[in-house]
Amino acid sequence: MYIVKVLVEHAIYKLDTTYDYLSKYQVLAGCRVHIRFGYQQLVGYVVECQETLFTQKQLEEKNGFKYSFIQDVIDQKPLLNQELQELANYLSKQTLSTRISCLQCMLPPQLKPSTNHSVGIKYQKVVSFVKDIPLKTTKQQEALNYIKEHDLLPIKDYPFSTALLNNIEKQGAIIYKQVEVYRNPYNEHLQQEDYPLTTSQQKVVNQILASFHQFKTFLLYGVTGSGKTEVYLHLSRFVIEQGKTVLMLVPEIALTPMMVSAFKSRFGKSVAILHSKLSAGERYDEYRRIIDDEVKIVVGARSAVFAPLENIGLIIMDEEHDASYKQESPPRYLTSQVARKRGAYHQCPVVLGSATPSLESYSRALKGAYELCILSQRVNQKPLPQIELIDMVEEMKAHHYEVLSRKMKAKIQETIDKNEQVILLLNKRGYSSYVRCLDCDEVLKCPHCDVSLTYHKDTHTMRCHYCDFQVPYQQKCSHCGSTNIKLIGSGTQKIEEYLQNNFINSRVIRYDVDSTRKKQGHHQLLKQFENQEANILIGTQMIAKGLDFENVTFVGVINADLSLNIPDFRANERTFQLLEQVSGRSGRGKKQGTVMIQTYNPDHFVLQCVKNHDYQSFYQKEMEMRKLAKYPPYCYLISILVQGKKEDDVTFCSQQIKEYLVKQLPKAIVLGPANCTIYKMNDIYRKRMTLKITNTTHVYEVLHAMSDYYNKKGRKVNVICDFNPYTTI
Ligand SMILES: Nc1ncnc2c1ncn2[C@@H]1O[C@H](COP(=O)(O)OP(=O)(O)OP(=O)(O)O)[C@@H](O)[C@H]1O
Ligand SMILES: [Zn+2]
């Protein structure tokens, strides 16, 4: 008999201890089982299975509790290999989350431990050759010869009628078979050759391959358009030729279409794609292809870092600075941390690539913790685009109150007149930012959150971007009943309309969360733009990264100050990255590109550094400020969010936690508790403390104890600890 230790996923309680069950047979660690838990039947996850010589009765007498038997085993073989199981333990410690939540985040939704209904395997009817026998007609005979050479194809792929095939089948020379097929999410890719590398690209490839068999982190700092993708492709080719596999990570789904086609067109079927927009069936199939060893390269967003690849020879993280690499629900991990952990396990290089590296990574590279590789020029030796800052205060003085300055308007018209293309960035979706009553000054707010509602013209609704609350738009103030109300501020939808109305021959595509909601939305819109079906692409930060359109010669930023004014210590860094990245979309082909950036702060050092494409000065200056204010990379940050339904409870408990932390961690700096920027979200009150530490000793134990205490049944608040927080709204 065996004692099986099982982790249990419970809908309400956070259970992180294992429970002992009995089994007559051995069950492999990593398999899911059905168990009885109280009155419920639940799915559990086996972490250990040990043989015992005691009987059930003896065990119960010895340990003083009743044992029950596992009901049945769901998986034939473990879903996660040893490496990933250990990784889950590591993550759970590092992020203060339950082991089961770590296991959950590693699996595609259909395979998560809480569900046992799997998406079915898809079958296809194929023709299978049986034997050579004399057939009735020569036509049938010819067909049989053909089938012999081209066995196991789906019926529709044969150049004969179904009737003819049926006839041959009746005579017994062939049979029809059902075979498993994989749903293939991206199958229309042309075969494409690698470009020969430039000298500087080759140098980088050599530098990285010199450490092919060891774990080392490289920071590839290559300006926009310097050909980093080609470096990734060449490295990957080398690695798979050595019989190893490649993990290629991209920040978010918006970027995936171009990276996917680059990899698919070179490596075809040996590439698997993992991201959240695939259908359940597609994701399940891609996952199975990886487990079944049919895949050499996995391209995917954040959670693909857990892809069950064996024998990894290279891990790449493109656009390493991107905030979407931070997971914002439990377990709140940093992708680079997981990638490096896997790199260490497989003893392979980890390449972090970016044109605007995060301060954390760049400072590590300067200290020698990472090895720096540099591509300082664009591929065709072309200079980076010229950037002009447009002072919007001056526009006001000249009584020009439109969203686009006179210069930018002229430049857009000029560009489309030359049959070239324009990309415009406005980091705000929706139509208008908010609605204000001109009589009573009331702004229409979300009833559940501390934010104003945004007007969406396409659906004629007012929507909350935090909780998705929506109401139909009314031409009437909800407070005083006046009809004298005004839509204030501009979002992408409004600019789209403005562009259509104000420019001759403009054909506009809007690219934001709302317009790309459909499954292949991103892919389709970008394709239309690539095929010149539109000449202006207006979008949110989604358009800033990775896009490579050779006919784009003008990039305009409508309001650079939006991200500068966010109350977050990374606001400068984010703004620099966003502006430099979006500028980098201009002039990537043969023609020279230009950029205009509209701002009310043209003298701000971030804008000055962007104007000169000067990452070094930006880095120096921002690092000085971080040092003075004691922010990362000069310390570690941990955010502690206290939330609850009653304001008083939140206030009281926050204070209690603060006292506990100050006492337990005398060397740490504890900021707060302060109300969050959005104090009330979804009817929950929220206060935050920020812990600054330079040394992590004891920190995990102290926080573990605190969060265990508060996150129990019956407590009035709940506490979320976030190591290396990225958003603090
Ligand atoms: N060796 C090469 N020879 C010719 N063309 C190349 C070569 N390498 C890259 N290119 C082309 O240069 C362009 C820019 O390359 P790529 O998109 O990889 O830049 P990048 O470094 O990823 O830039 P970004 O950070 O802005 O996304 C692409 O159109 C690519 O096809
Ligand atoms: Zn809301």
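Each Cβ is built from the backbone N, Cα and C atoms, and glycine gets one as well.
Residues annotated as domain 'Helicase ATP-binding' in TrEMBL: 209-375. The annotation Zn(2+) 1 binding site is assigned in TrEMBL to C437, C440, C477, C480. Here TrEMBL flags C446, C449, C464, C467 as Zn(2+) 2 binding site. Per TrEMBL, the feature domain 'Helicase C-terminal' maps to 472-629.
Here the features listed in TrEMBL are placed on the structure.
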residue: C437; record: Zn(2+) 1 binding site; Cβ contacts under 8 Å, 6 or more apart: V443, C477, H479, C480, S482, N484, I485
residue: C440; record: Zn(2+) 1 binding site; Cβ contacts under 8 Å, 6 or more apart: C477, H479, C480, S482
residue: C446; record: Zn(2+) 2 binding site; Cβ contacts under 8 Å, 6 or more apart: S452, L453, C464, Y466, C467, F469
residue: C449; record: Zn(2+) 2 binding site; Cβ contacts under 8 Å, 6 or more apart: C464, Y466, C467, F469, I678, K680, M681, N682
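Residues C446, C449, C464, C467, taken from the binding-site residues C446, C449, C464, C467, C477, are distinguished by a CB atom under 6 angstroms from ligand 2. Apart from C446, C449, C464, C467, the Zn(2+) 2 site neighbourhood in this chain, defined by C-beta within 8 angstroms of the site C-beta centre, holds P447, H448, V451, L453, H465, Y466, D468, F469, M681, N682. According to DSSP, C446 (Zn(2+) 2 binding site) is assigned to coil rather than to any helix or strand. Other than the site residues C437, C440, C477, C480, same-chain residues with C-beta atoms no more than 8 angstroms from the centre of those residues' C-beta atoms, the Zn(2+) 1 site, are L438, D439, D441, E442, S478, H479, G481, S482, N484, I485. There are 20 other CB atoms within 10 A of the CB of C464 (Zn(2+) 2 binding site), with all protein chains counted. Take the CB of C467 (Zn(2+) 2 binding site) and look out to 10 A: across all protein chains shown you find 17 other CB atoms. Cβ crowding, taken as the number of other Cβ atoms within 10 Å, peaks at C477 among the binding-site residues C477, C480. C437 (Zn(2+) 1 binding site) falls within a strand when secondary structure is assigned with DSSP.
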